[in-house]
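S.K.: Got a structure for you, questions after.
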Amino acid sequence: MSPSENESGGAARPSADAAHQSGTADADAAHQSGTADADAAHQSGTADADAAHQSGTADADAARRPGTADADAARRPGTADADAAHERGTAHAGTPPAGPEGRSGGQSAADLSGYAGIRSVLRIRPFRRLWIVLGAASFGDWFGLLATSVFAASQVEGSTAKGAAFGATISIRLLPALVLGPIAGVLADRFDRRWTMVICDVLRFLLFASIPLVALLGASSAVVVGWALVATFLIESITLLWIPAKEAAVPNLIPRARLEAANQLTLITTYGLTPVFAALVLAALDAAVRGAVPGNPPDWAEPAQLALWVNAFSRLATALVVAYGIKEISHGQAAERGRTEQSMLRQFTDGWKFIGKTPLVRGLVLGIFGAFAGGGIVIGTAKFFANSLGAGDAAFYLLFGAIFVGLALGIGLGPLIVKEMSRRRWFGMSIVLASASVMTLAFAIHLSMAMVGAILVGAGAGMAFLSGTTLLGGEIADEVRGRVFAVVQIGTRLVLILAIGLSSLLAGVGGSRTLEIADLGVSISSTRLLLLAAGAAGIVAGISAFGQMDDKKGVPVLADLWGSIRGRPLMPAEPFVSAGLFVVFEGGEGAGKSTQLTRLAERLREQGRDVVVTREPGATAMGARIRSLLLDSSGVEAPSPRAEALLYAADRAHHVATVVRPALVRGAVVVSDRYVDSSLAYQGAGRTLPVEEVSWLSSWATGGLKPDLVVLLDVDPRTGLSRVAARNEGTDRLEAESVAFHERVRYAFLDLAVADPKRYLVLDASRSAEEIAGQVVARIEEMLLGASGGVVHQRPAQGPDTSVQSELSDPELVTTERT
Ligand SMILES: Nc1ncnc2c1ncn2[C@@H]1O[C@H](COP(=O)(O)OP(=O)(O)OP(=O)(O)O)[C@@H](O)[C@H]1O
Ligand SMILES: Cc1cn([C@H]2C[C@H](O)[C@@H](COP(=O)(O)O)O2)c(=O)[nH]c1=O
């Protein structure tokens with residue numbers, strides 16, 4: 001290497017060290033100061049613990065500024081964020097946040113989902129109360145929707161008028177988003193969220209109560225229906241202020257790690273339990289009233305009117321609970337001075353700028369809109385689609401039911417399936433799954449196929465909904481969270497209305513017809529073309545969202561998904577610029593590795609190159625002790641196969657961090673006698689441990705560092721072992737293994753070379769040492785000439801980066817040359 005290359009390599013090391021160290025320090029600090037408080041707070045659920053949680057939150061919030069929560073998280077002791085900082089911080093610092101080994105330090109996202117997770121969030125008192133409020137509010141919403149619609153319909157005569165009154169009441173609920181939506185988020189961020197929620201609920205109480213009251217006061221049908229519509233519009237407008245305030249408040253009440261379980265609970269409550277419960281209660285009320293009052297009940301006892309009263313008083317109850325029972329909502333919010341010193345207009349424009357400039361938020365918003373557009377098109381075309389299957393209304397309802405079953409499955413089981421997978425990646429993948437399933441609907445030729453497609457659409461949408469909400473709550477700073485939630489809320493309503501409207505229009509125009517491709521005898525329904533287009537658009541949106549939000553760039557997606565499902569997600573390695581060259585000699589016993597390694601080093605040194613000759617196991621003082629544990633056959637007990645694999649991995653982790661990476665960063669040519677392949681061949685093929693697991697272990701140990709070249713010296717084990725025997729130095733534990741064992745090792749090496757031919761130089765090691773040395777030198781010189789700018793080790797990572805540590809001093813090194 002030239003001196004300048006050496007210098008640049010040398011300069012890179014401190015910064016890499018610094019990055020590593022600061023990442024660890026932040027994460028650990030946040031962990032130590034934060035998790036203790038926050039965990040205590042939510043686990044015990046006692047007044048003291050709650051107070052600890054609150055005080056931590058309030059203090060820390062004062063220091064926060066707008067932006068994503070990432071930046072702030074590590075600085076917030078005693079809050080839920082600290083948990084997240086711990087999780088994210090350790091990931092950056094290279095300790096395993098995932099996989100079986102990684103869980104030792106705390107519970108994983110998967111551990112915190114499902115039944116156990118839900119129980120754990122319900123132990124947090126403020127959240128428990130908010131959940132009850134949400135349940136009541138959601139019940140009220142569904143009940144109110146049904147009750148006002150039934151009520152409006154009951155006020156007029158004739159089926160057309162009844163249908164119009166019913167439809168108008170429902171559609172009017174979507175309109176306020178257009179009018180009030182833009183300022184709803186600003187209000188949620190600007191004013192105390194607890195009082196925003198309380199005032200909204202008191203107003204909704206008054207409005208809901210006014211609907212039956214107007215009727216009781218004897219107003220005409222037209223006035224009653226007209227007021228029902230106006231009141232519904234106002235209630236919806238107020239709800240638009242209430243929802244962002246509530247959504248933005250939730251993340252301040254619970255530790256970040258439990259946000260997903262909390263969202264699972266609230267989504268299942270809002271979209272699963274309460275609508276069914278509301279419909280059942282309304283039906284029961286109807287039956288009870290008609291049973292109790294024979295003939296026509298008086299106006300005030302009409303089930304629809306009673307339902308409106310129940311709904312009105314449920315709002316009053318929630319207002320009281322939020323005002324007096326969940327004061328923590330106010331404590332959790334960012335400091336008031338910071339919130340109010342900006343003008344509302346400025347807050348509004350800042351919110352939009354933040355959304356436009358932040359890739360995570362852009363990706364989330366785009367993905368959510370894409371998913372809702374797809375969902376809207378499925379709804380808009382559902383009737384025509386059911387017809388195109390040759391089925392009637394029953395099929396339409398079945399498909400609808402299937403989507404809801406899928407939603408529930410996605411929300412309930414999704415986190416248990418993907419376990420530790422990055423939530424950002426999971427979000428993008430879920431959108432792609434939902435969209436691809438929409439496309440499969442286009443090809444369904446039988447109701448059973450369509451049902452499977454519909455369940456998958458629901459599952460993908462449910463998982464996207466859960467992961468998106470969790471990401472929005474967990475990664476967006478408190479100061480802008482209300483605005484972001486408001487944009488999502490308004491946008492989704494608009495996209496949904498447009499998608500349903502346009503698709504039903506298009507399907508209506510062309511749905512009953514089929515496009516005949518006469519010559520081919522093929523006919524295509526335009527409804528299916530629409531589904532195909534919607535699915536394709538959704539896939540584009542999902543992939544684009546994925547690209548914008550991906551936090552594991554370079555890590556293969558499907559391998560990561562498969563690894564996550566099996567509990568071992570792949571981790572991104574930190575990009576690592578090597579100014580040097582990493583050459584590994586592999587092969588069976590006595591193949592001539594040490595001989596060739598020494599010759600190559602001499603040759604390169606003659607050329608004035610910086611060469612580090614090293615080996616595994618045993619290149620460091622610690623490694624030397626591990627080596628003797630592994631190989632000494634003098635009466636010491638033999639390690640079990642798994643212990644053996646772990647010991648080799650431990651030696652490798654230390655070797656890479658203290659010898660190999662520092663030398664590569666410096667610009668040296670590192671020549672190692674054995675590396676990862678030896679573990680795959682000896683522990684994998686030889687000891688018959690699962691090769692994939694051994695590979696994952698090694699990747700984890702090395703942070704994904706792969707050699708630039710592996711020189712495989714291939715020789716019949718009998719020849720190699722006879723050379724070893726001729727040395728008269730005795731045999732170590734592995735050399736003493738059977739010939740069958742060594743044959744398995746030999747073929748495993750050859751298989752590895754076949755799988756990645758560019759990285760391997762396979763040489764027949766039964767030839768003379770001179771001949772082999774000539775071929776090795778030729779290949780290495782070729783590589784050195786080609787790599788004057790240094791080799792960028794930006795591999796698809798297989799494990800977290802264990803990073804570069806300070807280089808060992810000479811006396812600490814136990815290289816092959818020394819021994
Ligand atoms: N090409 C060759 N032909 C014949 N003998 C060789 C050749 N290369 C090396 N040897 C001899 O074989 C023996 C083993 O060589 P060496 O120590 O280099 O192999 P190794 O692969 O490093 O062995 P180990 O697996 O024990 O580390 C030595 O005595 C060496 O002199
Ligand atoms: C790195 C590594 C090595 N081994 C085995 C292979 C050999 O039998 C010894 C090392 O001895 P050598 O004389 O230095 O070649 O250890 C292994 O089983 N797994 C490994 O990962």
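Keep in mind that glycine also has a Cβ here, set from the backbone N, Cα and C atoms.
Bear in mind that TrEMBL entries carry predicted annotations, made automatically and left uncurated.
Below, the features straight out of TrEMBL:
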REGION    1-109  region 'Disordered'
TRANSMEM  130-152  transmembrane segment
TRANSMEM  164-188  transmembrane segment
TRANSMEM  195-218  transmembrane segment
TRANSMEM  224-244  transmembrane segment
TRANSMEM  265-285  transmembrane segment
TRANSMEM  305-326  transmembrane segment
TRANSMEM  363-382  transmembrane segment
TRANSMEM  394-414  transmembrane segment
TRANSMEM  426-445  transmembrane segment
TRANSMEM  451-472  transmembrane segment
TRANSMEM  484-509  transmembrane segment
TRANSMEM  529-547  transmembrane segment
DOMAIN    585-773  domain 'Thymidylate kinase-like'
BINDING   Gly587, Gly588, Glu589, Gly590, Ala591, Gly592, Lys593, Ser594  ATP binding site
REGION    791-819  region 'Disordered'
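So where do these features actually land, and what's packed around them?
M.R.: Residues 126, 129-130, 132-133, 136-137, 139-140, 143-144, 146-148, 150-151, 194-195, 197-198, 201-202, 204-206, 208-209, 211-212, 215-216, 253, 281-282, 285, 289, 299 of the same chain sit 6 or more residues outside the transmembrane segment (305-326) yet have a Cβ under 8 Å from a Cβ within it.
Non-local neighbours of the transmembrane segment (394-414) in the same chain are 114, 264, 267-268, 271-272, 378, 382-383, 385-386, 426, 430, 447, 450-451, 454-467; each lies 6+ residues outside the stretch with a CB under 8 Å from one of its CB atoms.
Beyond the ends of the transmembrane segment (426-445), by six or more residues, the same chain brings 363-364, 367, 370-371, 374-375, 377-378, 385, 389, 410, 414, 418, 453-454, 456-464, 467-468, 471, 528-529, 531-532, 534-539, 541-543, 545-547, 549-550, 557, 561 to within a C-beta distance below 8 angstroms of the stretch.
Using a Cβ-Cβ cut-off under 8 Å and counting only residues 6 or more beyond its ends in the same chain, the transmembrane segment (529-547) has close neighbours at 363-364, 366-367, 369-371, 373-374, 377-378, 381, 385, 424-425, 427-432, 434-442, 499, 503, 506-507, 515.
A simple way to gauge crowding: the CB of Ser594 (ATP binding site) has 16 other CB atoms within 10 angstroms, across all the protein chains here.
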S.K.: Determine which residues of the chain contact the transmembrane segment (484-509) at the Cβ level, with the cut-off under 8 Å and only residues 6 or more beyond its ends counted.
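M.R.: Beyond its ends, the transmembrane segment (484-509) has Cβ neighbours at 174, 177-178, 181-182, 184-186, 188, 240, 243-244, 247-248, 351-352, 354-355, 361, 364-365, 368-369, 372-377, 379-381, 383-384, 472, 476, 526-527, 530, 534.
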S.K.: Look at the binding-site residues Gly587, Gly592 and tell me which residue has the greatest number of other C-beta atoms within 10 angstroms of its C-beta.
M.R.: Gly587
S.K.: Counting only residues 6 or more past its boundaries, what in the same chain has a CB within less than 8 Å of a CB in the transmembrane segment (265-285)?
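M.R.: For the transmembrane segment (265-285), the nonlocal Cβ contacts are 118, 121-122, 131, 134-135, 138-139, 141-143, 146-147, 150, 250, 303, 306-307, 310, 404, 407-408, 411-412, 462, 465-466, 469.
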S.K.: So which other residues, same chain and not among Gly587, Gly588, Glu589, Gly590, Ala591, Gly592, Lys593, Ser594, have a Cβ within 8 Å of the centroid of the Cβ atoms at the ATP site?
M.R.: Leu713, Val715, Gly720, Arg723, Ala765
S.K.: What else in the chain is close to the transmembrane segment (363-382), if you only count residues 6 or more beyond its ends and a Cβ gap under 8 Å?
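M.R.: Beyond its ends, the transmembrane segment (363-382) has Cβ neighbours at 355, 396, 399-400, 403, 424, 427-428, 431, 434-435, 438, 441, 454, 457, 460-461, 464-465, 468, 471-472, 484, 487-488, 491-492, 495-504, 507, 511, 527, 530-531, 534-535, 537-538, 540-542, 544-549.
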S.K.: For Glu589 (ATP binding site), write down the residues of its own chain that are at least 6 apart in sequence and whose Cβ falls under 8 Å from its Cβ; none is a fine answer.
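M.R.: Spatial neighbours, sequence-distant, of Glu589 (ATP binding site): Pro717, Gly720, Leu721, Val724, Leu734, Glu735, His742.
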S.K.: Let me know the DSSP-derived helix, strand or coil state of Gly588 (ATP binding site), please.
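M.R.: DSSP call for Gly588 (ATP binding site): coil, neither helix nor strand.
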S.K.: My understanding is the cutoff is Cβ-Cβ under 8 Å with a sequence separation of 6 or more in the same chain; which residues meet that for Gly588 (ATP binding site)?
M.R.: Asp714, Val715, Pro717, Gly720, His742, Val745, Arg746, Phe749
S.K.: List the binding-site residues Gly588, Glu589, Ala591, Gly592, Ser594 whose Cβ sits under 6 Å from any atom of ligand 1, in sequence order.
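M.R.: The qualifying binding-site residues are Glu589, Ala591, Gly592, Ser594.
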S.K.: Take the Cβ of Lys593 (ATP binding site) and count every other Cβ within 10 Å, whichever protein chain it belongs to.
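M.R.: 24, counting other Cβ atoms within 10 Å of Lys593 (ATP binding site).
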